[in-house]
There are 2 protein chains.
Amino acid sequence: MLYLVGLGLGDAKDITVKGLEAVRRCRRVYLEAYTSVLTVGKEALEEFYGTELILADREMVEQEADSLLKEADVCDVAFLVVGDPFGATTHSDLVLRAVKLGIPYKVIHNASIMNAVGCCGLQLYNFGETVSIVFWTDTWKPESFFDKIEKNRQNGMHTLCLLDIKVKEQSLENLMKGRKIYEPPRYMSVNQAAEQLLAIIQNRRLQGEKPEITENTICVGLARVGAVDEKIASGTLQQMSTVELGAPLHSLIVTGTMHPLELEMLKLFSVDSSSFENKACQRTT
Amino acid sequence: MLYLVGLGLGDAKDITVKGLEAVRRCRRVYLEAYTSVLTVGKEALEEFYGTELILADREMVEQEADSLLKEADVCDVAFLVVGDPFGATTHSDLVLRAVKLGIPYKVIHNASIMNAVGCCGLQLYNFGETVSIVFWTDTWKPESFFDKIEKNRQNGMHTLCLLDIKVKEQSLENLMKGRKIYEPPRYMSVNQAAEQLLAIIQNRRLQGEKPEITENTICVGLARVGAVDEKIASGTLQQMSTVELGAPLHSLIVTGTMHPLELEMLKLFSVDSSSFENKACQRTT
């Protein structure tokens, strides 16, 4: 049996009882480590689970999937994923491969950022399409996510922005020379995401547009959702570019039209309650 | 401390280790029982948690919230919610009330239907706005959810349809006579939801429209997601009106544009693989 086990978002104890029992039963346990991170490391998980974990990077899952699935038809193998196995990232490829090999699989769900963002008080059924904001480079500054956020807001919907993660990236030089030397991991912060959005707003204005999203649009910055030191901050997009949220992972929500109850919840987290009230009231039902 | 604890979707063991520890520490533990159901009953939960549960119906949470929160500033109280506390239903009102009373609160997240539907292989970031399909009555047949599904599909997005639940409903007669006699609980099935959608399609055609969603639109029916006897079925909307999915809770997804990997996953669950291939290929990227 192949178990796909969601670990939730905080620490070792966010695994479900069912998930923990499965992990402890398995002969081999892989930890997917390229799309997200828990606030605790591999060692803390190993100690609590009482079993050794094999780190699975993207290369391994994509290129050595058969070794990962080896003998999973006669013994139990677990593939652990931060959040839910089918949350922000889907591991369909692994499932399809298992099915083709005749290996049964079982999904043990958990919270993912896709539903845990509800903790800020915005209602999940008022969210439109989720977008990913990628790190800009000197030569590549895509703006397509901005159009999606605008579209959601025009429809009154909130937008969850998942922020870029760069793990095991090679510099262009190392890549070209075939050297497997990796850059330090990078995680986009709410500040960086807000700055990129503000830059796009400026670009659009230079092109004579009047963007739906402005410096004053109410946003929510979230950091380490589900962990003990979780931080939520609500305020204008401008405020999000300077708010202090600490270590990764971060997410950003751009609000659409707000119900009074959503507004009241967001007030609990406002970085500046006086300006919040003022800006937010321009956009409630 | 007020703990809002998500129970996940399957059975007693879908609680997280952190959630279980909190529950066992609490002086009073309430089980929210009006927006969703676990496939196991209250007794099974009580046995596994090793603590007595107080059933909290809508009336209690809305009208007696203060008794629920009584002394939560000096002792620990838990409020258990099937799924995630901020998933398909939000319990913001309870949080706001606690904050006003100076009671600290903590959310222990879990899987909700909002992210667990990813198990069918459709990617969560390709979903648009979630809709609720309500039971039609002889005199009230709303169609607004259909417009939202159409809009999502026009934008290439999938739509998760949450299906109606009627718990502790009074008949009109009993309501008027002030008798607290309740009808047996009712849970909308995928069949019923599909039939209502098919009826709307007919209505629209009679009005000269050409609906975006037809009998042949590929849909996914899901039952008891996360439970041992979970069932997933993919096929046309017409097929969804007769597919056998058993006991509640059910959900229905109307697909938008599908990525080949999503399509390959849905094929695993197709009720009729030959027609599926045929219909689905009209709508892939």
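Easy rule for this one: first residue shown is 1, then count along the chain.
Cβ coordinates come from backbone N, Cα and C, glycine included.
TrEMBL names A:Asp84, A:Gly87, A:Ser112, A:Ile113, A:Leu163, A:Val225, A:His250 as S-adenosyl-L-methionine ligands; from the candidate set A:Leu9, A:Leu20, A:Leu31, the record adds A:Leu9 to that same site. According to its DSSP assignment, A:Leu9 (S-adenosyl-L-methionine binding site) is coil. When other Cβ atoms within 10 Å of the Cβ of A:Leu9 (S-adenosyl-L-methionine binding site) are tallied across all protein chains shown, the result is 26.
Sequence-distant neighbours of A:His250 (S-adenosyl-L-methionine binding site) (same chain, 6+ residues apart, CB-CB distance under 8 A): A:Leu163, A:Tyr187, A:Met188, A:Ser189, A:Val190, A:Ala193, A:Gly221, A:Leu222, A:Ala223.
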